[in-house]
Amino acid sequence: MAAAPPPQQPDRPSTSGGLGYFHLRLVGPAPALLLLRSDRLYSLSLSDSRGYRLRLLLARPHRRSARDLLLSTSGCALRFTHRFYGAEAPSVNGRPFRARIPAELAVGDEVSVLRRGARYGFVVERFVSCEGVGSGAAARAGSCVEGLVFRAESLRKRLRAISESEDPLSFLRDSNCSRNGGPDAGELCLDNPTNPVSKKYLLQDDCNLDQDKLEHHIDAAKGVDLDPDAELCQGSKGCGDDSAEQARCSNGNEEQHHIEGCHSDGSTFFLNRLVGIGSLSDTRAEPQNGVTLPQLLHPVETLVRVFIATFTSDIPWFLDYCKIPQHLPVTVACHNKERCWSASSENRMSAPFESHPNLLLVYPRFPEEIAFGMDRKKQGVACHHPKLIVLQRENSMRVVVTSANLVPRQWHLITNTVWWQDFPRRTSVDYAALFSATDEQNSDFAAQLVSFIASMVNEVPSPSQAYWINEIAKYDFEGAGGYLIASVPGIHAQSPPYLESNYFLSAKHIIHAKSANRMFVGSVQTSVVGLSHRFNMPSNAGSQLRALSTFLGKCRENMHGTTEVILKRNTNIPADANAVSVLVADLDKFSEEVNNDRCPQAGSVQLGFLPREVAKWVAPLSDSGFFNFSGFIYPREALEAAFGVTNTKVQLLLYVSKGPEFSRISELICDGHFPPLCSLIASLKRCLGLWRLEEVLSNIKWPETLETDFIYSASSIGTSINPQFIATFASAAGKRPHQDFDSQESDPEWGCWTAKHELKKPSISLLFPTIDRVKKGICGIQLCRNLLSLPEKTWQRLRSTGIFHDAMPQPYARIGYPMHVKVAQRCFKSRPGGHSFGWTYCGSHNFSPAAWGQLLSPPSKANATEVRAAGPRLHICNYELGIILISPPPGKSKHASESRHKIENISLPFVVPPPRYKWSDRPATRLAMREAAAEVCVQQSNNVVDLSDDTDEDVPDEDNEQEIELSDCSHQEKEEEKIYVEALWGQVDSSQSQDKD
């Protein structure tokens, strides 16, 4: 039987306004949700052994701990009073508040207490009115009015506090508009405290809230370890599990963040909204206050399709938190160490959610060439690390580039950057935009976006595979506010310049027609397979080798050391209807007519075939007339392979240009063309990582003497970071020495920023939090143990350079919250007080060779020909994506969209200039955080500290990175390729024998 409610005490706060519940979100090691009835008096304390304790007070306490916070609720008002003194005095929104003076709190206010180096307290999330339950629409309307009155009163007090401040601008910036009550807040007398009461006196019969739910939250606050993600996933429902009950009790704030949208023109980036800095249920939707994931997706009802790329993911949370409709097609590309390295394409995708049958999980492939020893089973340092969201609607497509993974803690408790822009639908499909280049007048945003998506979904079965390829062509990306910067794992060569071709592949015959530069689309790095099979046959190997040597001897090499070969469709080979032969011939005497029949020996020698995986998209795109294909090889490489000097595959540069039907592709394209088109786009060479950074920024000559800042803040700094890599990054970002007297203009490094310059004068300030800053965070080291990654040996190697600076969050309200941002900026100023310009990067790239790429050095024993044939190589381990926003110097704007960019409008999430490390400072390295965690265990031996690694980030250890030379990048034919070419050669020889007979 429920206990009878105690009589009303004369000294208890009277109820003024409707009955309801305040939702308080605890901050600290256990961010639980507390529900406080609106006509009660509570005491909130923190015990060393039991954690938070919330007690309901039924009368004035006779004895109360000096470390208790007294919370008084009356109607729609919430007040608190404390008796702390000194450094541990509580603060409201970051501003200290004096003891014994009551403070009136509004929704969104944060009360925090610094205790033993850790931050504790709570955030007022919302007020849920339950007055007039069951009274119909009138009661619900009254509840809404009450909420508006409450918000208006809160706003009035905030405005008054601003007007009375000596420096209103600093007040707004530093305190995020503190909303403390003044003398009219009403003083609570604390001279005669009372004893706390037992749980049996909790009011039960006059509360429409499920009492079990209330007791659950109170118990959870009493020292019970809580998983932060589980609590945040649970949300703040406050009216029990019954949906009808919830609808009656809510004042409309609960789902308000789902209703409000957000807007950005792409000229800057924003931050995510954190719990406690503008409540998740706050009705304000301005991006300046931080954005939520539901706001970015709003309205979900109009979404046609969604694509997401992330590192870690909590799919059930995402589906529930963003209210994703069950029928909506969603593709999520995410990391999985085993699946991404799997050789089976079927193992790299799954559809595990029966409730959402159209949701597909994709695990993008890591190539063998980046595995240790080029053995997929040994794996390697690789990570699918981008954070991309593409939202398709009928009339627009939103592209979101963020640093937050698809997990609740990253969006609720950790500072992340969010850039987005909406792009309108075209009146007609434009496939040419998918092949535009950076040096063209138009934006290459669409080409970069479609190429990056294609690299992740290239193996997904149709129609999912090619869906985005077709759909992106339907939207106009010309007004993009920035340039996409992508990294894709692999060992990449620089895209060769346009070379004039004489012969093109065709379905029926070999086309002899010189290509035009304006028709050039790009190039693909591939190989010739089956060469060893042909030239190792005892019967005719000698004659074939002599003929090959003769033809290659007559071929003219171009300036890059390559010579053109002829590509020919083999339509008469049953083993593969898409087979393409590679022929070597004297092009000056080669006759199309002779080679149009089935016997090509008269004027050429067949070197081999295109690989099956390449031929399956080259053949249909060539047959349709959409694209022309021509090929180039290195003659010496082909001869050495034919004579058995090497057993590696012969490189083939496949040049792609627009075909005769390219202008009509929108009319002629059909469903069967999309998979080949997707494969082509994924295979085309594009500048990635460091080379993409250089491609975007090299068009502007940045004035070195006007530089004011060059900073990079990252949550992870690679093991192999050294002056050489820092100099390479700085050079790619446009850094140049003022004068270079030590080298001559003929020196390949002349005019470039090198390791010598870096050692003399460091170019970049690296921002990384100190261990003391991490210890003082809202959750101490618990949120940061795998969120931050800086190996101790990297710190010891670079500490003497003076490049490390403390990452101090801003605005002020974000101090104590971990940062997961990856932001770089290089800023210039024309004169003191003059115009500022420069560029800003935000995205997923940490400061590491795994993310940006490592330049490979030539083999130590390589000769000049081999070095020229191989060319420079960039070794990239990770999938990454970011955006660069350029504010060019006056008069140097290349695209119209850059004219609206002002670098002063970009608010960085950290203090600039950043404070340099003091001699006693130590970064939050892995070793430092392990030591700090051990200290916490000792200090709180009765409270078990969760040191498990189920964190949002799990950056692979780069300690195993190896020096890779160009000689390690060669490929040998696989067993399946040998079987393929043997079948082709057998049927080619059989066909030719029948023709001779």
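Glycine is no exception: its Cβ is also placed from the backbone N, Cα and C atoms.
Automatic, uncurated: that is what TrEMBL annotation is.
The annotation active site, nucleophile is assigned in TrEMBL to His385. Using a 10 Å radius centred on the Cβ of His385 (active site, nucleophile) and all shown protein chains, the other Cβ atoms total 28.
Residues annotated as active site, proton donor/acceptor in TrEMBL: His820.
Summarising the annotation, TrEMBL assigns substrate binding site to Lys387, Lys822. All protein chains shown were included, and the count of other CB atoms within 10 Å of the CB of Lys822 (substrate binding site) stands at 25.
Under the heading compositional bias 'Acidic residues', TrEMBL lists 947-966.
Taken together, the residues in the domain 'HIRAN' (522-639) have a mean pLDDT of 79 on the 0 to 100 scale. The domain 'HIRAN' annotation in TrEMBL covers 522-639.
Here TrEMBL flags 941-973 as region 'Disordered'.
Per TrEMBL, site 'Interaction with DNA' is recorded for Ser848. Around the Cβ of Ser848 (site 'Interaction with DNA'), the number of neighbouring Cβ atoms within 10 Å comes to 27.
Ranked by Cβ neighbours within 10 A across all protein chains shown, the recorded positions Lys387, His820 are led by His820. Here Lys822 (substrate binding site) is positioned 12 angstrom away from His385 (active site, nucleophile), judged by their C-alpha atoms. Taking the C-alpha positions, the distance from Lys387 (substrate binding site) to His820 (active site, proton donor/acceptor) comes to 12 Å. Geometry remark: His820 (active site, proton donor/acceptor) versus Ser848 (site 'Interaction with DNA'), CA distance 15 Å. Calculated from their C-alpha atoms, the gap between Ser848 (site 'Interaction with DNA') and Lys822 (substrate binding site) amounts to 11 Å.
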